[in-house]
Structures are given as C-alpha cells and as structure tokens.
Amino acid sequence: HRGDRYDATGYGPVFEDQPVETIYPEESPEAKITMSCRARANPPATYQWRLNSQSIDLDGDNHYTLVGGDLVISNPIKNKHVGNYSCVATNDYGTVVSREAGVRFGYLDFFSSEEREAVHVKEGQGAVLLCAPPPHYPHELSFRWILNEFPIFITLDKRRFVSQTTGNLYISKVDLSDSGNYSCFVSSASIAKSVFSKFIPLVPLTERPIRKYPADIKVKFPDTYALVGQNVTMECFALGNPIPQIRWKKMNGELPSNHDVSMAGAHLHLYNVQYEDEGTYECEALNSKGKDWHRARVSVEAFPEWTESINSTEKDISSDYTMSCVASGKPKPHVQWLKNSYAYDKRDLRFSGLTFKDSGMYQCIAENRHGVIYANAELRVIACAPTFEHNPVKWRILGAKNGRVVIECKPKAAPKPSFSWSKGTELLFNSTRVLIWEDGSLEILNVTEADEGRYTCFAENNRGQANSTGSLSITEATKITLAPSNADVTVGENTHMQCAASHDSTLDITFVWTLDAHTIDIDREGSHYERNLNGGSSGELLIKNTQLKHSGRYTCTAQTPVDNVTASANLVVRGPPGSPGGVRVEEIRDKSVRLIWSRGTDNHSPISKYTIQCRDSFSQEDWRDATTSPPDVEGNAESATVVDLFPWTEYEFRVIATNTLGTGDPSSPSPKVTTLEAVPVVAPSDIGGGGTSRELTITWTPVQPQYYYGRNFGYIIAFKPRDGYEWRKVTVADPGAKHYVHKDSSILASTEFEVKVKAFNSKGEGPYSLMAVIYSAQDVPSKAPTSVGARALSATEAIVWWLPVTQHTVEGYQVRYWRKAEDSETSSQRVVLSSRENRTRLDNMRPDSHYLIEVKAYNAAGYGPPSQHLQIYTKKAPPSRPPKIISKKLKGTSVNIAWEHVEPLANESTIDGYKVLYRQASKSTGTLFNTGKRSIDLPMHKDGDYIVEVRAYSEGGDGAVAQIRISGNTSIKYQRNTFTKMYKAPF
C-alpha cells in the first residue's frame, strides 16, 4: 500500500490475546492443547504458527487445527509437540509475531513399591525422614507427611519441619509420642496430582537420663537468585535438645522491612524483593548446649522492563525518523528488532528520507535469561496535499491590548508545506512585531486596535495548496490593582493574601493561587484555605490555622480567556523545629556512645535545646530520654555523648529539637549499634535450696538478659559446710539456669551449708550475691511438743497451746483432735501451723463431747513424735429456744421491752443472762446490752425504724434470737420470733 492511498480507518495487527506457557498432564482425559492467539486489525488478520521458530505446516499434520487464530493440538505426542510456539498475525499493513510460549508435558510418577526401612532414634536425639520424591515435571512440588493413616497429617511446630525443597521431615528432638508410621505426601499443583510413599516406621528408643545435644543445622538455604518484585522464601532448621531457637539476620545491614518470619523461625520470607535486599543472609540456631550457623547469598536480578519504547505513528514522506527502544534488567537485556516478522540487527532504527517502503509493523524485543518482553508499533509513511478540513484556523481570535497574539496554522500535509500569511489583501512579512513561525503559526507583538481584522494562512507543498481564515479582535489588558503583601505568622494563626485586578468588561476573570508553583485546590484544601469573594474583581485568599507547610511564595494569577497577570508575596510561618537528620553513632564504648546529627530547619525560631532518646533491644517499642554528658544539649550543638548505657546491648537513638514555639518531630532512628562488653555487676538473687538424700540443691533467680553485659554468660556457684574453710566452686554455662544439684553420698543429714552465686561472661566475673544458709537432707523432728494445754471456749470451740520444739529443722506443727468414743483417730480433724506459732483455736467441735488432742512437729522429712494425748470436754449446747417477748411499753423518751425466762433443755447449758442488740433496721450492727433481768429500757429514736434482738447466753454460747421492730413514730411492730440455732455470738 502506498501512503497516499491508505484508508484512514485501516491499521495493522494489534495482539489482544497471546499464547501462554502450558503444562499438559500426560494423564489428561482431554486429549488436546489449545494455544490462544487473537489480534485486532483492519482488514482482519490471517494467522500462522511457528514451533521452535519454524513454520508449522497446518495442512501436513492432522494433529494441528486452526480455530480463528487459536492453534489446537489434538492427541499431542510428547516427543513431537513439545517446544516453543509463537503466533504470526498478518494483514495489508504488516505482520507481527506474538511472544513465545512453551508446551511441556507434566507428570508425577508413583513412589517405589519397595518397603522403607524403619528409623530407630534415641529419645532426645534429632531425626530426619527422607522423602526422595519420584521423577516429575515441573519441578515445583508441595510436601506434607501422613502419620499412620490418610488423611491424618502431622502438625508442624518448632519441633517438626517439612522442607518444601527436598520434602524431608525433620524432628529436632524425638519424643516417645513420635512413634508411628510416616508417609511422604507429594502434590503437583500444575497437573493436579498427588502421590504418597510407603510408610516409614519411626521407633524412638527410651534413654534415661535423656541426653542434650547442641544445635545442628540440617536444612540449609542455598545461594539464591531473586527477581525484583518477586517473593523469596529461605529455609533453615536445626536438630538439637533443647529445641534450638532460629534467628535470622542480614550481614552488614538490617533485615529488609518487607520481611516476615514463620514456621517457628524456619522460614524467612522476603516480599517484593528490591535491589537493596541483595546480600548475605545468616541463619543462627541456638540452644543451651551450643549454636550453629549457616550463610548464603541472595543475588537480586530483574526481568526486562521497558524504560523507552515505541508507539504507532504517522510520518511524512521524505522526513527523518528514529525508533528507539531501551530496556532495563539484570543481566542487561539484549535488544533486537523485527519488521513484519523479519529480524533487524540494530539497536535503534534511524530513517533518513522516509519512503512508502518503510511503512509496516515493527517489533522491539528485549531478552535476558529471566524472560522476554515485546513492544509493537505501526509506522505509516504518508503523502498528501495540504488540507484544513480537520483543523482550520480559529475563526475568532482575541488579543489583549499591548499583549502578544499567536494564531496557529496546522493543516494536514505531507511533505511539510511552506507557509505565508495575509491580513485582508495585504501580504505579511517578518518584522520586529510580526513573525511567521516554522510550524506556520503567526505571532504579533504589542497588539493594538489597528491590528484587528481578518488573517489568512496559506499552505503549499508539491501535492497542492490550501488556505484558512480567522478574525482577530483586541480587548483591554488585565492589570493587578491590589497586590499581595509579605506576611509573618506563628503556627496556628490566621492570615490573608490580598489580590485584585481590572479587566475587559466583556470577559470573565478568574483568580488562581499557587504556593511555590503548586496550584492550591481550594475545594480539597478547604480546612486551611478559603477565598474571600469581595466582588468579581477580587481574589483575596484567607489562610486558616497556618502550618509550617504553608510557608513559601504565594502567587496570585488574574486570568481572562485572553491574557493573565501575576503578583507574588512571601509568607513566613514560624513554629517548632523540624526533625534533625543524619543521626549516626561513633566512639562506641561499654556504657557510652557519641551521637552526631545534622541540624534540621529551625522554622524561623532559633533552636534552644536538643533531647536525645534511646531504646534498646529489650524494650523495642519504648523510647526513653537518654542521659547525656553534659546533661543539657544546647541548640547550637550537633553532637552529644550518651552515658549510663547497658554494656553489650543493642541500641538505636533519635534526636528531638526544641525552640520557644515548641518541640519538633523526632529524627529518624540511627542505625542500630551494640555497646561494648563489660564485666557483670549484677549478682543473682534469692539464693536458696536444700537437700534430699545424697544431694544438695542450690537455687537462685537468674540475672535478666540486659545485665549479661557480654557473651558466654553463666554462673559460678560457691558453697561449703558452715564450719568449713575451703569454698567449693562450680561453673554453670547456661544463662537461664535456676539451680545446681551437687551429688555427694558423704553429705550428712541436716548439715548447714553456706552458699553464694555470682555471674561471669567473656570479660570476667561479677560480684557474689549475699550469702545464704541451706541445709542438706533433713531427719524428721526427734522431739515432741511439751506442756500441752487446752480448754473449751464454748460448745463448738476450744483453744490449745504448747511449748515449741527447739530443733532448728522444725518447719511447723500439726494439731489433731477427735471424739474419744464416737470418732476413729484416722478421721480426726487437723490444723497445720508454722513454726512461729504455738497456740491455735479448734472449731467445728460437737457440743457436750469428750475430745482427745495431740500435737506434732514436722519438716520436709516428715512428722516427729506426737505429744501425750490431752483430754477436754466441750460445753453443753446453748439454748435452742428464743425468748418470748411479752410486753413493750412507752415510757417518755424510752421504750421498755420485756420477755419470758428461757428454760434450757436437759442437754443445754444453764442460762447465764441475756444479750440485747439495739440496731437500725438498715444495719447489721448496733449497741449491745448484757443483762441478768428479763426486761430492758431502750432510748427512742426518731430517725427511722429500729430492730431489737433478744437472746439468752450460756457457757455453751448464744441461743436463738427473738426480734421486734420499733418505728420512729412510736409505733411498735412485732416480728415473728426467729428460731436460729447459734452456738457462737455474732456480736
């Protein structure tokens, strides 16, 4: 096609659907593969396909069928149809080639049917069960393990881990509960198939005591290539007893912010990988017996990506043109060109004097080892006579008096035409006021009303000529009549910027405000900006609740459809300082560092002081003010020494500036640093312990980790018999240890030992704790309590006392009591007391009963001999019947209450008198009266209702109660006598 005969609606092929990588399961019930291809084109495209860059003979192979643009492969054969396919789309305007897409056959064979050998492991040791997956494609598989029967899958935790690289099952330390039959379950998501292995018996072997083993890393992540934007998972798992703790770090830097640790530390995930994530990563496994570590490198590369690409375009015949493609990526991509599916071996396509033969479909292809990208464009070379059909000269042009006017002239023409202009019948030429641009536009400077009139543009090339006319009118120029003024405010205050202008009355005027060239959107930023509409010629700007961000140069632009004018002023907003920058740490010592920073903005108010804050690895979220030397950091300082830090502790610091207007935001945290090691200064506390048979156990409260002060932290335990001279010392290397057991068959019972403990690390030993006294295995107390005495207090209570046993090993006493005739000694009631007590109350006894009492001393070894049995008798029960109230008489300001005498039953105690409780109805306590009479005078009250309670009392306790209510208005209400069997007086 020649460019001068092209249909304006026609265009070359543009892909809308292209083939994709395809995995065809060998066992697929659907015996066909469909490779998609569809292109938008006018006229419609025709299609061909290539396999490994060779054209496919669709007529010569009955496995292939073309459906639209799609290629259907029926009954595919592995050794014939595997390869890389591409689609070729063609129409009158050219040809394009799709991206290549591979066809591969996927499979997952079954595991071998051979029996798997049993794995025997000692309890506490680690175990590895090998999966050994069968042959498969593609390589990506997922692994789980079955325990005993399907579908019971083992739960993964910090002790058990399944590698998604090898499929192996790792158990850091085997428990007896791990006994069972295990099978590796393998799944391929690409072909939707799963298989599992023969069962592997795991047989834990009992071992006592269970040995401990140092951490031993068995799952090690390899050197890895990651692509920018992808996610990467690294595996690390260790065997050991106790179960090792997994820690991750990046050498010479921080772990990326986009990282996550899962599977109890065994997985490190890096999300959306970037170039700065490249480096060496370390996995450390640690337990109390030792540590292990593994390092590998993560190299970050990138898929090709266009930084400069091509677009479809029309170009004039005989013009020059360059098509350029630039791609980024790592490794650097190789770029090649195709025209109508044929290769050009050039980086850029440069055309000098385009011809119709240069028209066609061009493709730029960038490729590195990670992939290929395509950019497609149509180049159309055209030739035509000038025409203003689609873009005539503007029919009415306005110009401001004394301003500048540009009248555009942009006809469609190829090759480029020559231009000339006329005003009316007068031909125009270039002068100091009139200029015809190269693109055909006419420029007139300092226009006046004399320039009004009709202007015609003439365009001509070797294919013909054309012209177009427009009319120019002159308006009054716009002028600023009230310009904004400079202002100075404090944060939070309000201010305004004035602006007014005169303009041509036939034109509309608008005001636009900018802050440092950024246009202010009044609607979106209405919380701070408001326009003061004071007439159509005013554009005053109100600025409310000013913030630091509102400082800058404000420009008012008054504009009409014809011209615009501007005026500017500066706004200074004073406020608290900005955050300091570049915080870094130097001169790191054990308890101090030197901090250096650069000044932030003072926001127009001098900085008066700086505050240094720090946080350590033991309180990640809590920033606290640091101690500095000197204590006050002046506002002109850019460094300070931070003191009173913990040795061998990871810190980060930040700096905050303050001025007279407030305190600013903190700086970004400094890089994390670790202070140097030092000798421990904190000793373990709560030293104690004791002995059992042939053992002496020494206990303490461990030192908190922030007081370790260095590596290789542990404890030194010193102990000796109290009358000995030489201290025996033992080292415990576990920083979390809480006790030490010394085994010695020669230790005598109840031997007194002096004990002290101190901490140590790689820098030296700290101070000893306070000395404590403990005892070896004790014998039971050899003496019984003496001088045991007792007496009954009531029908249900008694008190017992004794002389203490003088042996120092006594930890307390047990008192037993039981009825001599009715109870057995084994069902006796018991009271247990500490060694500091030598008397106690006995309760819940039966009235009028004969009791036996004994007292024993005890310690950790058991009970000593009992005292002689002591006999007591409890009192008879108190009266079970309440008094009967027989009269209540008002006597002036008092009331007289009388009752009948209570006759005790034969098994009840003799009456000793009566107790009368006088209380407000809303309260449980009041005034208690004792009397031997059968009446009592009580004062009358006017502040509400009162209750009178009457009961008999005896040596056996208090009897049942009778009640009566007395109202403040002098009326008396009788209560039903309540029969309450009470042996203890509640008052």
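Note: Cβ is positioned from N, Cα and C throughout, glycine not excepted.
Here is what TrEMBL says about this protein:
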DOMAIN    13-104  domain 'Ig-like'
DOMAIN    121-196  domain 'Ig-like'
DOMAIN    214-299  domain 'Ig-like'
DOMAIN    304-380  domain 'Ig-like'
DOMAIN    386-473  domain 'Ig-like'
DOMAIN    478-572  domain 'Ig-like'
DOMAIN    579-678  domain 'Fibronectin type-III'
DOMAIN    680-779  domain 'Fibronectin type-III'
DOMAIN    784-877  domain 'Fibronectin type-III'
DOMAIN    879-973  domain 'Fibronectin type-III'
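Relative to the domain 'Ig-like' (121-196), the listed stretch 214-299 leads the set 13-104, 214-299, 304-380, 680-779, 879-973 in CB pairs under 8 A. Annotation: stretch 13-104 has the most Cβ pairs under 8 Å to the domain 'Ig-like' (304-380), among 13-104, 386-473, 579-678, 680-779. Counting residues per DSSP class in helix, strand and coil order gives 3 helix, 47 strand, 38 coil for the domain 'Ig-like' (386-473).
Sorting each residue of the domain 'Ig-like' (13-104) by its DSSP state yields 4 helix, 52 strand, 36 coil.
Mean predicted confidence for the domain 'Ig-like' (478-572): the pLDDT average there is 91. For the domain 'Fibronectin type-III' (879-973), DSSP puts the residue distribution at 0 helix, 53 strand, 42 coil.
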